[in-house]
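As recorded in Swiss-Prot:
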- Glu116: active site, proton donor/acceptor (ACT_SITE)
- His8, His67, Glu116: Mg(2+) binding site (BINDING)
- 5-120: domain 'VOC' (DOMAIN)
Amino acid sequence: MTVQSINHLLFSVSDLEKSIAFYENVFGAKLLVKGNSTAYFDVNGLWLALNVEKDIPRNDIQYSYTHIAFTISEDEFDKMYDKLVQLKVLILDGRQRDERDKKSIYFTDPDGHKFEFHTGTLQDRLDYYKKEKLHMEFFNH
């Protein structure tokens, strides 16, 4: 028995209409279905779901580094940053990063879910860490 891939992502949201607009405008998500408290999208083949949950605390989530990262090309980095600014998306301060670790933009949706647009790959990260993070142990499978 093996895990095949990510099936879908679901985010709890407080305002369905505001969140639909966010995901359409920021991610280019294509709305597939909308109900009273749920919406499903296709994001370039990824199933994204939103469910309304109004009475849950949302004020401390920004202190966690937990996030979902999406790949963007290096050529599109500045354009994507400008788009987020134009859409008045909350852009977060990123961590200090070596250029070999590529570029990232961290931002949140209207409910504080944290995302990253990243120009690197897992292999870029591993290559960089192998050269610079000598305390790390690497495994071959």
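Backbone N, Cα and C atoms are what each Cβ position is placed from, and that goes for glycine too.
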- Query: Glu116 (active site, proton donor/acceptor) has how many other Cβ neighbours within 10 Å of its own Cβ?
  - Reply: 17
- The mean pLDDT across the domain 'VOC' (5-120) is 89
